[in-house]
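Q: For reference, the structure I am asking about is given below.
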Amino acid sequence: GRRLVPFSQYYNITWGKSHFTSLDSGTRVQLKLDNRSGSGFESKSHLLSGLFNMKVKIPENKSQGVVTTFYLTSKEAHHDEIDFEFIGSNGPPFDLSTNVFTKGVGGREQKFRLWFDPSTDFHSYTILWNQYQVVFFVDDIPIRVFKNLGNKTSYPTQGMKVEATIWAAEGWAGKVNWSKGPFKAQYQGFDLDACIVSNVSNPRICNYTGGDAWARIQDLNAEQVAQYQIARRHYLHYDYCTDKTRYAQPPPECQVQIKI
C-alpha cells in the first residue's frame, strides 16, 4: 500500500487557513467553503514531472457554483497547468473537467460524467506527467491522454506545484446556494512520487522523491487502452477536439488521441 505521510511533509496551506482542518494525525485534511472564504493548499516544491496521486472526497452538501480542484500549475505569466476540476451540481450527474494549459494557453477542456458519486467516498485521481505524455486517471482507469508531439504542439515543461482548492466559481459554474453550506472537501494521500526542482539555477536537475519508473512510461499498456476506450465511449461528455464551433480544424494532439 501507499505510505500515509503527513500533509506537512510536502504541502503548505496557501489561503483560507481558518477553513482548513487537519485530521487523522495530519494524514487527511479538510477544506471548507462558506460565504466568507474557501481554502487551498500547495506543494512546497516545484516539480518537473511525476506521478501525482490524490484521494479526494468532494462535499456531500450539493450546490452549483462550488468547485473542488486538484491540479498542477506553474507560476509564470505564461503558465503551464494540468487540471482536475469537480464542477458543483445539485445532484447527479457529477461532472469532472480536465484541462491542459501550455504557455498560458488553455482551451483544451474535456469533461467527463463520473460513473460514481464522488461525494460519498474517497476516490483516486492521478496525473502522470513525463517527457512523453500526460495521462489523467480516475481510480487507476486512464480517461485522457495528452501526448508530447515535439514541435507540432506545445507541451507542459515548466516546473509546477501541486495545488488543491475549494472555491465559489459563480461566474461560470452557477449560483451557489449558501443555505446548503458549508461545503467540505477532504483530501488524503500526500506522498509525492515526483522529480523535485532541487537547483533553481539549473531547474532540469532532479531530486527524485520515490523511484522514477513513471519517467519511462511512453504509452498505455493493452489493458489500459481497453479501459481508456470504454471510459471515452461512455463517460466523455464534452471534448474540445470535436467542438467545431471553437476549432474548425482540430488541434494536432487531437489526431493522436483518436488513434489510441
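Placement of Cβ uses the backbone N, Cα and C atoms for every residue, glycine included.
Sharing the record's features from TrEMBL:
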type: DOMAIN; residues: 1-187; note: domain 'GH16'
type: ACT_SITE; residues: E81; note: active site, nucleophile
type: ACT_SITE; residues: E85; note: active site, proton donor
Q: Across the domain 'GH16' (1-187), what does the mean pLDDT come to, as a whole number?
A: 95
Q: Count the Cβ atoms, other than its own, that fall within 10 Å of the Cβ of E85 (active site, proton donor), considering every protein chain shown.
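A: Its Cβ shell of radius 10 Å holds 20 other Cβ atoms.
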